[in-house]
Amino acid sequence: MTRLDKTISAAATAVPETDTRSGRAERLRALVSSERVPVPALLVLLVIAIVMLVVNPVFLSPGNLRGIAEQSAVPIVVAVGMTFVILMGGIDLSLPGVMAAVSLVTALTLANDRTGLDLGLWSIPLGCAVGAALGLLAGLSVAVLKVPSFIVTIGTWQIGLGIGLLLFGAKPPRILDDGVRQLVNGTVLGVAGAVWIALAVVVLGWLLETPTRFGRYAFVIGGSEEIARLSGVPVRRYRAASFAVAGGTAGLAAVLATLRTGVGDVGMGDSLLFTTIAGIVIGGTLLTGGKGGVVHSVVGVVVIVVISNAMVLGGVSSYIQQAVQGGVVIVAAALSLWRLRARLRVVK
Amino acid sequence: MRNSFRVAAVAAGLVTVLLGATACADAVSSGGGSGEAGQCAPEDVQLVQSGRGLDNEYYVAVDAAARAFAASQGLEDNYHWIASDGDSSKQLRQIKSILAKGGECVVLNVDANESSLVPSIVKEAENAGAWLVTQWNRPDGVAPETSDSPNWVAHMSVDGVPQGYETAKALFERMGGSGSIVALQGILDNPPAKERFEGLQQALEEYPGITLLEDQTAEWSRTSAQDITQTFLTKYPGQIGGVWAANDSMALGALEAIKNAGQQGTIAVSGIDGLSEAIDLVQDPASGYVATSQSTAAAQAAFGLAIGLAAATGQIDPSSEPAEHRSFYLKPLPAVTPDTASSLPDPADISGFDLTDIWSEVGGPIT
């Protein structure tokens with residue numbers, strides 16, 4: 001009894017005490033714990049930048065920052081679309097297959113050394129449409145047939161890969177249309193076109209996330225699908241749409257990557273699945289859904305790209321790079337999710 | 001036996017199971033084939049070529065050359081291509097079901113998805129009494145000449161050391177024997193990656209004017225090679241005179257990064273593997289792509305199947321062949337340079353080989 005009294009009185013006196021502390025610390029804490037800004041991931045970036053300042057200052061040179069931006073462009077485009085699927089608590093593993101199909105479609109419909117087709121700029125929306133169609137197929141299977149997205153997207157991965165293999169023939173088709181390639185590789189204000197396109201996708205994704213019903217419902221569905229359904233949210237429709245969006249951005253990413261390397265390549269998206277999903281998690285978007293967002297994912301992906309860039313600049317031996325990268329990823333993810341870990345403990 | 005029976009049942013369904021059961025019985029009655037040479041009539045032999053997948057120029061050439069060999073033996077209808085798609089368990093499953101059907105008259109020319117898979121494939125071939133030739137990968141210390149049975153007929157590979165050495169030399173010659181290079185390695189624990197890099201180091205010893213600034217692995221990938229080269233170019237501005245890459249995909253990625261940096265022609269690039277895109281670029285002096293190697297697809301496919309076929313039909317008795325016929329590197333080929341690039345045979349062309357002598361392309365023992 002007396003102990004309880006003490007605790008209550010301590011709590012009562014504690015309140016004015018925190019109030020008297022400077023408001024600045026309070027505001028900082030509010031910012032750090034805010035879910036709108038991926039603070040931990042940004043801190044990781046800051047730490048890497050400070051370390052690199054000592055190790056190799058070239059890291060912060062305009063040339064290298066431009067390189068990082070160019071290398072991030074493709075995974076960022078993928079991550080923006082994937083974010084909506086993950087926000088709703090789903091997962092899209094079909095990326096390598098979708099990119100294989102779209103890469104070949106793009107290379108074969110632009111002026112190339114295999115077919116007589118030359119759609120010029122139209123092959124860009126065509127690539128997005130192929131990606132979105134594969135995404136929609138996955139989305140409808142998840143929504144209507146109620147198959148878990150994990151399995152369905154492995155299925156669409158294989159379908160996409162099959163389309164890619166079918167179109168591949170015997171050797172990779174080379175793109176001969178340097179005009180369209182220039183759109184991605186050429187620079188505007190000193191920065192490659194691919195970076196501007198990625199920026200535009202990020203802005204679009206952010207506009208889709210914040211004020212639209214689609215974006216709002218993504219959080220609601222991810223937070224609790226039951227509550228969303230009981231409140232009359234047409235969950236299935238939105239879920240199917242999220243896969244179409246992810247497919248569309250995967251398609252655009254494949255177009256960009258294909259224009260960047262100049263050949264249609266079935267293996268184009270193989271390593272991207274790791275980069276984007278790890279990036280999304282490091283950014284602070286929960287794989288269980290309901291928390292995170294486009295900006296989080298973008299920062300997370302940049303962290304992953306920066307890690308590999310920094311290791312090359314730092315001259316880390318190839319033989320230990322993989323292990324170092326894995327370690328940094330774990331530390332970064334732990335930092336990003338630290339806050340949630342504490343919160344879960346309080347709740348329980 | 002029961003275990004493989006069960007797997008076959010799951011994999012291939014009821015019809016295959018019935019066929020498989022009879023095939024197993026055959027294998028048992030022939031005593032697993034230990035110590036015996038093959039006794040198959042040539043027309044009964046099934047030729048099986050297994051590789052990663054047809055999304056890759058090398059395997060497309062392997063499949064075409066293997067098919068051409070089968071046709072040259074009048075066995076075109078008995079030829080099968082199976083793709084592992086980078087999945088070890090899938091590859092083993094496919095081999096098991098083919099062995100269940102074909103038994104002791106199956107000739108397998110297998111590029112195992114990973115080294116550790118080889119002992120399982122060897123065991124399957126021994127149990128069925130079939131004839132196996134392996135390519136590229138095998139675990140250290142496991143070899144046909146030390147195995148008890150004749151069914152693992154031979155292991156064939158390509159020595160990466162001369163490939164890495166010759167392409168590096170061509171690169172250094174183009175640079176006038178002086179300057180700095182960076183190197184892009186393959187997946188570090190792959191034997192070809194190690195051998196090719198060793199070849200580069202041999203060449204570096206002969207050219208004291210060339211400095212290796214740094215090497216990194218781009219894991220055989222075009223995209224990561226492009227990213228890493230871009231970073232190298234900012235890390236060593238104006239210092240890089242050449243990029244040595246352990247395969248053509250990475251060299252092509254590096255070339256793309258050099259192009260985007262506006263330095264095409266001033267930085268020389270070399271690759272290995274003989275991809276058609278690389279060979280075209282080697283012929284264009286302005287590209288800066290100075291060397292690659294010749295494709296070994298045709299020799300690996302044609303001689304792999306030929307050696308297996310000779311064992312299956314009893315032409316050779318693997319157990320009495322010398323060790324250098326059972327584990328060997330193919331004869332090294334000169335590098336592809338601007339002088340030789342225009343006169344190369346098609347990578348799937350087997351017409352230049354003397355297939356009457358199945359050991360005619362044997363280079364040296366694998367050490």
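Note that Cβ sites are derived from N, Cα and C of the backbone, with glycine treated the same way.
Annotated transmembrane segment per TrEMBL: A:39-60, A:72-99, A:119-143, A:150-168, A:188-208, A:238-259, A:271-287, A:294-313, A:319-338, in sequence order.
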Cβ contacts the transmembrane segment (A:39-60)/the transmembrane segment (A:294-313), at least three under 8 Å, sequence gap 6 or more: yes
Contact check, the transmembrane segment (A:238-259) vs the transmembrane segment (A:319-338), 3+ Cβ pairs under 8 Å, seq sep 6+: no
Top Cβ-contact partner of the transmembrane segment (A:294-313) among A:72-99, A:150-168, A:319-338 (pairs under 8 Å): A:72-99
In contact by Cβ distance (the transmembrane segment (A:188-208), the transmembrane segment (A:72-99); 3 or more pairs under 8 Å): yes
Distant-in-sequence neighbours of the transmembrane segment (A:271-287), which means Cβ under 8 A and at least six residues beyond its ends: 35, 38, 40-41, 44, 74-75, 78-79, 82-83, 86-87, 91, 93, 95-96, 99, 222, 253, 293, 295-305, 329, 332-333, 336-337, 340
Chain residues in Cβ proximity to the transmembrane segment (A:119-143) (below 8 Å; excluding those fewer than six residues from its ends, i.e. six or more beyond): 81, 90, 92, 94, 97-99, 101-102, 105-106, 109-111, 149, 152-153, 155-156, 159-160, 177, 179-180, 183, 235-237, 239-252, 254-255, 258
